[in-house]
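A.B. asks: Pasting in a structure now, in structure tokens, and then I'll have a few things to ask.
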Amino acid sequence: MASSSSSRPAMAALVMAALLCLQLTGGATAQLCEDYYDYTCPDAYNIVKRVLIQAHKSDVRIYASLIRLHFHDCFVQGCDGSLLLDGVRGVINSEKGAPPNNGSARGFPVVDAVKAALENSCPGVVSCADILALAAEISVELSGGPRWGVLLGRLDSKTANFASASNLPSPFDNLTVLEKKFKDVGLNNVDLVALSGAHTFGRVQCQFVTDRLYNFSGTNRPDPTLDPAYRAFLSRRCPLNGIPSALNDLDPTTPDTFDKNYYNNLEANRGFLNSDQELKSAPLAQGVTAPIVDRFASSQAAFFARFAQSMINMGNISPTTDPSKGEIRKNCRKVNGS
Ligand code: HEM
Ligand SMILES: *[C@@H]1O[C@H](CO)[C@@H](O)[C@H](O)[C@H]1NC(C)=O
Ligand SMILES: *[C@@H]1O[C@H](CO)[C@@H](O)[C@H](O)[C@H]1NC(C)=O
Ligand SMILES: *[C@@H]1O[C@H](CO)[C@@H](O)[C@H](O)[C@H]1NC(C)=O
């Protein structure tokens with residue numbers, strides 16, 4: 001009794017929102033749309049924004065951390081909140097434990113706070129996958145970057161995929177591998193270069209650059225593409241046998257601002273990660289990704305416009321919209337009823 005009376009309004013909301021989206025897209029297959037919550041949770045965007053601004057007061061890094069969660073969610077069985085599920089022995093092998101996330105992905109308590117605020121205003125309506133998409137846009141906007149209309153209507157998964165999370169793009173990947181990992185989720189080279197521009201803010205641990213400083217590709221030499229002054233700077237911050245988790249700015253010029261400086265850093269051979277500098281300096285980048293880096297380095301407007309488009313493209317990776325395959329989680333960490 002109690003469960004049917006609490007689930008009926010939520011189900012009605014789901015159907016209403018779905019109808020609205022279908023009307024607007026005019027198709028039979030459910031697609032994401034900007035106004036998905038306009039009738040069911042009209043204040044969703046502002047509620048998310050309020051919680052993020054509050055969190056940022058005690059954590060300047062949180063905006064960067066949150067956009068990264070959306071990336072790590074979308075690349076693993078689509079944007080379905082699978083990243084947010086905690087482990088349950090024998091049932092959920094949490095993606096949070098996969099190497100690209102373990103000791104690295106952060107911001108989960110803030111996602112919980114957003115979810116709690118939304119449940120308070122519109123219970124059972126806004127998915128955790130959509131929370132990550134909204135938080136990503138708001139984080140960029142509040143850091144000085146572009147705005148875009150976030151497409152909404154994703155449902156949350158009931159499963160996680162540890163193996164796929166372990167295969168996320170790696171900082172040690174070369175351009176060929178990066179291109180393939182993006183292509184595998186339907187993203188092209190322009191998306192790869194534009195989305196990598198998110199490394200214009202946030203932090204990165206020393207362990208991801210030590211090989212470039214001391215033993216690149218097993219040569220016992222530094223990465224020859226790394227600017228010598230920047231190498232000296234990073235060597236002081238990340239000494240050999242230093243603390244692997246020590247933090248650095250991904251963009252030391254403007255560490256917390258969303259701007260085009262990431263690309264200017266690449267032009268100066270000051271990319272932090274191997275995967276960053278590859279976009280400009282790999283032999284295979286010439287005539288392919290390097291000209292895109294050049295274009296964004298010379299025009300912030302071009303970068304911002306394309307970043308917004310590429311974020312929409314990334315947000316469109318295999319969304320779950322079929323109510324028989326997904327749900328609106330009440331707690332982003334747990335499948336409903338578990
Ligand atoms: C192209 C392939 C990519 C690779 C190999 C990569 C790798 C990494 C690594 C290793 C870190 C540092 C993690 C740590 O030290 O704990 C990082 C941080 C970050 N990444 Fe990426 N990344 C990629 C693409 C992206 C994309 C597509 C986005 C978002 C659109 C993104 C946003 C971020 C942000 C904002 C941070 C800083 C997070 C924080 O301060 O908490 N990255 N990335
Ligand atoms: C995550 O890292 C911690 C600390 O390094 C380690 O104890 C734990 O086993 C790791 N989790 C998984 C699932 O590998
Ligand atoms: C890129 O890395 C892959 C996997 O390690 C390797 O097979 C390939 O030869 C590399 N390509 C280049 C151009 O270095
Ligand atoms: C450098 O890397 C190579 C290959 O990974 C490894 O065999 C060698 O021991 C490393 N050198 C040092 C000084 O760690």
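Including glycine, each Cβ sits where the backbone N, Cα and C put it.
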A.B. asks: Among T176, T200, T320, T321, which is the one TrEMBL gives for the Ca(2+) 2 site where D251, T254, D259 also bind?
C.D. replies: T200
A.B. asks: Going by TrEMBL, which one of C79, C122, C128 is joined to C332 by a disulfide bond?
C.D. replies: C128
A.B. asks: Tell me which of C122, C206, C238 TrEMBL records as disulfide-bonded to C41.
C.D. replies: C122
A.B. asks: For the region 'Disordered' (316-338), how many residues does DSSP put in helix, in strand and in coil?
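C.D. replies: Within the region 'Disordered' (316-338) the tally stands at 0 helix, 3 strand, 20 coil.
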A.B. asks: What number of additional C-beta atoms lies within 10 angstroms of the C-beta atom of C74 (disulfide bond)?
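C.D. replies: Looking across every protein chain shown, the total is 28.
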A.B. asks: Just checking the recorded positions C41, C79, C206, D251, D259, C332: which sit within 10 A of H72 (active site, proton acceptor), CA to CA?
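C.D. replies: Of C41, C79, C206, D251, D259, C332, within range: C79.
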A.B. asks: Other than T200, D251, T254, D259 themselves, what residues in this chain have Cβ atoms within 8 Å of the centroid of the Ca(2+) 2 site's Cβ atoms?
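C.D. replies: These residues sit around the Ca(2+) 2 site: F201, T253, P255, T257, F258, K260, N261, Y262.
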A.B. asks: Looking only at C-alpha atoms, tell me how far C332 (disulfide bond) is from D259 (Ca(2+) 2 binding site), rounded to the nearest Å.
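C.D. replies: If we compare the Cα positions of C332 (disulfide bond) and D259 (Ca(2+) 2 binding site), the gap is 31 Å.
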